């Protein structure tokens, strides 16, 4: 045996030596791919089998030729010396495993079926015997089963528990199962990678398991696969179907050959490519890891995994057969192809290109290609287009926002269009703001069009867009809403259904607040009544910065203020809009208008140098020295509540850390109020030099601040001032311990400052700056802040109005109120309206029908019925329009006095003449049908036609004079019988209007470009921005688009919105909104000291310079002198001019149109025809002499043309002598009787 073995080895060795070069052949024929002839093949088979079973000599078989060796042989690897193929052994291991197991399963099922049938028959016989033998107990229960049955039940239970345990182990519902599934998939991919590495070696080769690292890793992987296969087998309910699964087949043809490789010390590449089929489970794995969440992504990964796994598997089969050859051809027709060349071949085959550079030579390969083309072509034609479609339809903006450290971001959603986004960005990123270190993230469910995408790219450093919906929590997480500084929701101002748009925005608020209750939300609302729904959201808190910008409320509020002071809507709109300064050299009206347009509203904390000074003093100092206009402050009351006080008067002293509201052209200019230091900047004349100084400002105690303020009031030095006695100081110490920042007790420290003030000129000396203009209080100011109780003021008409049985104001005391009236009682016919002889009233032309959306006329009427007007000062309001529409609005209007309705149409000149439109103080043109038209250029057709219709009307001058004289009404505070003794001066008496062009009109527009059709004498270009057009500058046109700037202004300073709403709504508060949300109407209330105190708040008015106490300044005087005089004498705060358009021209016949000049400089020259915008204090005594006259007539009109819109100022002497003489009262009574 030894010799034989040696001889065999020797011949083999000799063959190896002689054929050494043949083992490493050329690239055409691989050494292990040489084929044998038929006889040598059979000899090789018998020789290989005999050598593998024993070491006997091979004398009985023919030795193969040297060129017939197949497997490379080395001395280190114990392998078959003859180099014969053993592929059949590897394949046989897989086939035996598969078919053997299948046979066992089928045999088991057959035996189980037979056993079940037999036992079923036997069980029926046994059960029948038990019933016949009476085996049941007396109580009807069966006897206990025998011990054998208990053992069977226990055995079944044990098997079931093992099966359940195995199911839990492989289930993806548990953490262990998910980890195991992911691990199996990862190891399968690892085994596939090992296959890719081994594919560069021959198909079959000798390998030493102990030295081959890849074989060892592959062996470890397959041991794990075997264990996992066992778990799956145990957990499977149907073993047969489990055996035929794709994953099971993969294990059959990949796991057993590895063990054969270890036994035979040789490797066969074989069917290991089947591991690529595991890629089909890739989408499931990603779902387990919570990576794939959308249906499109799951579908895309499924298609890709199926396509790639099929492709790689087919390439592996072609690689096997082409490198091996056909068995019936003795493996002689093989060709050397790498695996990746086979991958390439399969791709060009599936795509039907077939370049021919690589093709199959073996019969098995070509046969496989025939069938693969049928399936592969179908798969390629269906899968590839679908994959491309899914990839193409993927959201371009579907990523997630990555927050930048140290940089805030806001989320903007809602109505995202090119117009809304461009308007928002233009104002938000304006250069006049300080460096805006805020990133804007837009979230919308529709991808942007090309224009909007280009806009985003232009602002790519500060703007990002993501496609999604705020109603989806996943999308909210993508934009990091929880870390956002605020969320802004834009509304579609031009939608056909405003209520539906508001409902959408409310749902957005609910979704955002539900995801993150602490996020600050600023949303636009179209309808005022829909704001009440926001109060139902538990996490909605306006005190924490949540704000709802109601466009209808503000739009109609602006228009209402224009009825009181024409042009105010333009001025206020320009103040909170960021406009760049446009310099014009020519001396035209546009030059002065644009200088005012560059002003905006800013806030800044006041310097400690202002602490203890009164508001008028600080206001004058800021205007004269700092070139700043301060109109309001944020005041902290004794109970630490913050309130915004507009021109509060000189009874209020500035506290430490007071926030001021300024009108300025740049945010840097407002810093002067914070940097101002009396010690360092008192002698500086150039405000630009006022910068932060280096001196340390000691914090004064409350006693020192009060003593300083006291000395300012009395005009003495602190050493000589005796106002602050020791007892007062002791009381102040107690007060300081209770309220460290409160300084209200300083209100009573001075009594003789009035005389001193009148004797001294206006300078910047602290002793001479302090002005005293009477006791005034803001609507939100606590009564504790008033110097005197308003009920104790001599001559106060509120004493007479304190009737506990009469309700004249609403429950908050902010608005005039009357008992609800039926609409029939206020309807006027055309003849009744003509006989009423209306004058000084407001005509509201409204277009609408029964199907039109409500515009909320209550928001127009409420500012005109504010309680800081006396009853006789209220302008009568006449609505001209469809009675069907007005009936729908009447529910919110029936509690307001002096309201009438003329059914008709604003296009009817007869209706307009019946309401004396030529004698009105203002004509308002509104339309509720604007959003029902698709063509934007036609949305304003009704308003434009009505405006042109009124302007083309002609009126008889004699008729107007007769009507004015027959009316017999006197303006507020003026007695016609004794004009010399009248306390009113400065009344602007204008001639009667003979043409409609001179009628004051304000027209609401939807489309900004339609403003070009209102004035025929202007030269505005159609592309001119709205604020640059003549109708807007003159205050005769208003568009809701100007309110877009409020979103940015509110974000940067939430107090701005409160200030604007206080100015334009007449005093609407969150408490009032909550009350209206409950009843949808104002509730009447009895007069109390608290509600009557709310009347004491300032209001916007226009001051005439043609006559009165300021007439001397009207002819060439300086605006700054007027500002200081009005402030110190009447506590009136001037902030703009309403000037004739051609005032700068020396033409005899000037145009009657006026334009707005905002915050002119100190040295600005005045002309006599100017009207001054001012914040006027409430006068308690102005309505005393008119109270009985005004309330005795329900429909009387108490102001002549322009008398109530152009206010006059009581003189100082007459303020001290309020009670009218008996002669004056008798003359008033005579006028009243004559009128009746």
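Including glycine, each Cβ sits where the backbone N, Cα and C put it.
If you take every residue in the topological domain 'Extracellular' (1-86) and average the pLDDT, you get 39. According to Swiss-Prot, the topological domain 'Extracellular' annotation covers 1-86 (among others).
Residues or ranges marked as compositional bias 'Gly residues' in Swiss-Prot: 1-21.
The compositional bias 'Low complexity' annotation in Swiss-Prot covers 39-60 (among others).
Taking a C-beta cut-off of under 8 Å and a sequence gap of six or more, residue 118 (S-palmitoyl cysteine) has no contacts in its own chain. According to DSSP, residue 118 (S-palmitoyl cysteine) is assigned to a helical segment. Feature annotation from Swiss-Prot assigns S-palmitoyl cysteine to 118 (among others).
For 119 (among others), the entry in Swiss-Prot reads S-palmitoyl cysteine. Remark: residue 119 (S-palmitoyl cysteine) has no non-local neighbours by Cβ distance under 8 Å and separation of at least 6 in sequence.
What Swiss-Prot records for 121 (among others) is S-palmitoyl cysteine, and it gives experimental evidence as the kind of evidence.
Per Swiss-Prot, the feature topological domain 'Extracellular' maps to 200-214 (among others); the stated evidence is sequence analysis. The topological domain 'Extracellular' (200-214): residue composition by secondary structure is 2 helix, 3 strand, 10 coil, according to DSSP.
Residues or ranges marked as topological domain 'Extracellular' by Swiss-Prot on the basis of sequence analysis: 261-264 (among others).
Per Swiss-Prot, the feature topological domain 'Extracellular' maps to 322-335 (among others). Helix, strand and coil counts from DSSP across the topological domain 'Extracellular' (322-335) read 6 helix, 0 strand, 8 coil.
Residues 318, 321-322, 324-326, 329, 333-335, 345 of the same chain lie 6 or more positions beyond the ends of the topological domain 'Extracellular' (359-367) yet place their CB under 8 Å from a CB of it. Residues annotated as topological domain 'Extracellular' in Swiss-Prot, with sequence analysis given as evidence: 359-367 (among others).
Marked as phosphoserine by Swiss-Prot: 765 (among others).
The annotation phosphoserine is assigned in Swiss-Prot to 778 (among others) on the grounds of similarity to another entry.
Taken from Swiss-Prot, the feature phosphoserine covers 782 (among others).
Per Swiss-Prot, region 'Segment S9' is recorded for 837-857.
Here Swiss-Prot flags 978 (among others) as phosphoserine.
Per Swiss-Prot, the feature phosphoserine maps to 982 (among others); the stated evidence is similarity to another entry.
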*DSSP helix/strand/coil residue counts for the topological domain 'Extracellular' (359-367)*: 5 helix, 0 strand, 4 coil
_I want to verify one value. Collapsing DSSP to three states, which class is residue 1015 (Ca(2+) binding site)?_
coil
*Can you tell me how the residues of the topological domain 'Extracellular' (261-264) break down into helix, strand and coil by DSSP?*
4 helix, 0 strand, 0 coil
*Could you tell me how many residues in the region 'Segment S9' (837-857) are helical, how many are strand and how many are coil under DSSP?*
0 helix, 6 strand, 15 coil
